[in-house]
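Peer 1: Can you read through this structure? Questions will come right after.
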Amino acid sequence: MAIISDYQEEEPKKPSASSSLAAKPVSFTASLDPANPVGFLEKVFDFIAKESDFLVKENADKEVAAIVRVAKEKSKKKAEAEAQKVENKKKEEKETKKVVEKEAMEVDKKEDVKDEEAGSGLKVPNKGNGLDLENYSWTQTLQEVTVNVPVPSGTRSKFVVCEIKKNHLKVGLKGQPPVIDGELFQAVKPDDCYWSIEDNRSISILLTKHNQMEWWKSLVKGDPEIDTQKVEPENSKLSDLDPETRQTVEKMMFDQRQKAMGLPTSDELQKQDVLKKFMSEHPEMDFSKAKLM
């Protein structure tokens, strides 16, 4: 007798399309027209819809939007980076140009100084309104002159020879020819002068001028002279002067600048004003041949 059973053997499941696609990537080929990027995207989404169930998902649009946001952010950062590179390059070029122009100006300035010194025979003052020479340097204010003489490191005061007289200065080391030995450009007040060793490497000498209304052209007579018209006193020093002296110094500075520019001095301007006033008061007189000096 035969027995019929309700049990039926299950047939093996066939793999789904999505699982087979996951196992076997499908190639996609398309060309991008930069003038019509939307057309390229349409082909991409048509291909995705055909070969996968991605677009069927409920959040597919959100995932696509997220991808677009990330792409836009990357593009923005790339553009900013490129813009920064361009800006940095412009800055570098600008700085390089400034350096080149500054160097060119320095060269021109040095050439002008050389030409000027060659023409007049006078030196342009250093920043201290003095002069830097081979064996020593000096600076000045209207009241004082400071001299600096380099010596071997470790030199002590007992090895120094420094004689300061009213019109003469001698400086050097014992047993050696003096570095400075000559008549001062102008007289000094010996009792108000002194010297010292600075850092065991230089002799510093302070000379108090006897005439505190004039600039020295040199430290000792016979040395190279500076152009006193190019002296530039510090404003802070002017404030230390009494009103009368300050007025005289400011007048001197004004006259020096006027002479350097080929213009009349304060005295000449005053004479011009007097002559103009006289001419206005005497219109009956003929001044056609008069010259204002």
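Including glycine, each Cβ sits where the backbone N, Cα and C put it.
Quick paste from TrEMBL:
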type   : residues : note
REGION : 1-23     : region 'Disordered'
REGION : 74-97    : region 'Disordered'
DOMAIN : 131-220  : domain 'CS'
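Have a look at these and tell me how they're positioned relative to everything else.
Peer 2: For the region 'Disordered' (74-97), the DSSP counts in helix, strand and coil order read 24 helix, 0 strand, 0 coil.
Summarising model confidence by region, the domain 'CS' (131-220) averages a pLDDT of 94.
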